[in-house]
């Protein structure tokens, strides 16, 4: 990368190759190129830069910042700085920890981490470490900077109402737009707001209370809350499984009821076909009953058939009563003898 950078610096007509290379490799550090930019540097206006001139070199745009907890708002600002002009080369200055702690405050990421984060942003062509808090003419001349890109809100720091005031007066300032809803301060505010949640999570992941700067009492409280959360999670899993089981049972019951209804309809239909008012069983029963009646009923004799004449000499056959005679037993020997005598008299009369 260093040799490639030197080659690009000396041969101006091959400069565009460097910008393409930064898309597949980390951006180089300015102090590791071992050379200064030797390209001719003439003063440009914003109108000339927007036309893509001069053709022999890119427009060198500079953007600086702290870039702590590098996020999408930083990336969008650098994208705007990179695309301000059709032909541009973006240099990004990152302030050191000493300057940042002195003028702004403590950072989450140290300077080495912040430098590396910028190197891997696709819009960055070169990273300048230990960038100055206020831009001086010597710094601008050293890095052949044409324009400085930053949001237009006055940045008061280091005893000045706006550290970019002299850049704006020189006509070298190009504004970019801030991304609303995201900033390093917003991210830190979220962490502070949900500190207990993150502390409990990191304790559960194996961090010690000393590493998290947590007191002994808070450590025990966090661990107890973690145990409670585990129990809640288990109960929740059991409830979800039970709900799933109930849903499966309901689905199966619905299927069984539907199948039972279909079978019952089929059974009722078959029953009506056999035993209904016009069913086959009724017709078959009627046919069989008519046949049985025909077989059981005798045929009537013809009306003109001759009748037999009875002979006058013969007496009609006596009729017998098949009903048994009910006789009560005699109450005394005299009554028994009387009944016997009456029976014998009757026999004599018949003779």
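Glycine residues also receive a Cβ, built from the backbone N, Cα and C atoms like all the rest.
Of the given residue ranges 221-248, 249-276, TrEMBL assigns the label coiled coil to 221-248.
Within its own chain, the coiled coil (221-248) has Cβ neighbours under 8 Å at 196, 199-200, 203-204, 214, counting only residues six or more beyond its boundaries.
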